[in-house]
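Undergrad: Heads up, here are the entries from Swiss-Prot:
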- 1-41: signal peptide (SIGNAL)
- Cys44-Cys114: disulfide bond (DISULFID)
- Ser125: active site, nucleophile (ACT_SITE)
- Gln126: site 'Transition state stabilizer' (SITE)
- Cys188-Cys195: disulfide bond (DISULFID)
- Asp192: active site (ACT_SITE)
- His206: active site, proton donor/acceptor (ACT_SITE)
- 241-262: region 'Disordered' (REGION)
Amino acid sequence: MNNRPIRLLTSGRAGLGAGALITAVVLLIALGAVWTPVAFADGCPDAEVTFARGTGEPPGIGRVGQAFVDSLRQQTGMEIGVYPVNYAASRLQLHGGDGANDAISHIKSMASSCPNTKLVLGGYSQGATVIDIVAGVPLGSISFGSPLPAAYADNVAAVAVFGNPSNRAGGSLSSLSPLFGSKAIDLCNPTDPICHVGPGNEFSGHIDGYIPTYTTQAASFVVQRLRAGSVPHLPGSVPQLPGSVLQMPGTAAPAPESLHGR
């Protein structure tokens, strides 16, 4: 388990499914990824994105994660660090709990070593499931791991997930997370069979359907949270429960099936 902050930039592609969907998505998505460490003068960026990649991707944050980070940088002009969640994003999807534990360990480390850094959590496809666990979203009757302790919730400024399978299994992160409800945006392309139930689904909706429309929209939402000026607290006190829901930024067609605030 990594306890030292690591800020990385990555690129790649990922996918997630169940049964026949898994094989098809992995075959269509699995591409190489290259990441390069980025150092900050004092080791603490203005904000940091902890992102979990999807099924079959090499270590890193994946193509969707990279597009999200790039858009966030462009919109804020801030120093944005990146931490890729360390877990085996395998086809059998047995390691989501490991990924959640790694993300939680890193959040705790950042709260201690960089208390003024605003933390952003994100995930795509199977990686969204990892963030569901961190956020305390129930995944049916199966327990995959423990959520982030409530004492650290205020250190997290925003959450953004894409192609989240939990939307097919009971609801969105933004509607079900007791820690991050109003801080979260959960985006599902309405042609994505991994998160959407209904006609018109195509594998391309999951693989190619999130860049740039949805990654830009998610970044715009996160920018609002980062500029809200909430000051991280030292762990120990119980954070205030999420309050009002922020209005979603507009997007170009095709409009995403946003599950924020539902």
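Glycine is no exception: its Cβ is also placed from the backbone N, Cα and C atoms.
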Undergrad: Work out how many Å separate Cys44 (disulfide bond) and Cys188 (disulfide bond) at their Cα atoms, rounded off.
TA: 32
Undergrad: Rank aside, I only need the closest one: which of the recorded positions Cys114, Ser125, Gln126 has its C-alpha nearest to that of Cys188 (disulfide bond)?
TA: Ser125
Undergrad: Going by C-alpha distance, which of the recorded positions Cys114, Ser125, Gln126, His206 is nearest to Asp192 (active site)?
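TA: Of the recorded positions Cys114, Ser125, Gln126, His206, His206 has its Cα closest to that of Asp192 (active site).
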Undergrad: If I take the alpha carbons of His206 (active site, proton donor/acceptor) and Cys195 (disulfide bond), what is the distance between them in whole Å?
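TA: Distance (Cα to Cα, whole Å): 9 Å.
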Undergrad: Given the disulfide-bonded residues Cys114, Cys195, and counting only Cβ atoms in the protein chains shown, which has the most within 10 Å of its Cβ?
TA: Cys195
Undergrad: Here the recorded positions are Ser125, Gln126; which one has the lowest number of other Cβ atoms no more than 10 Å from its Cβ?
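TA: Relative to the other recorded positions in Ser125, Gln126, Gln126 has the fewest Cβ atoms within 10 Å.
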Undergrad: Taking the Cβ of the residue listed as 'active site' as the centre, count every other Cβ atom within 10 Å, in any protein chain shown.
TA: 30
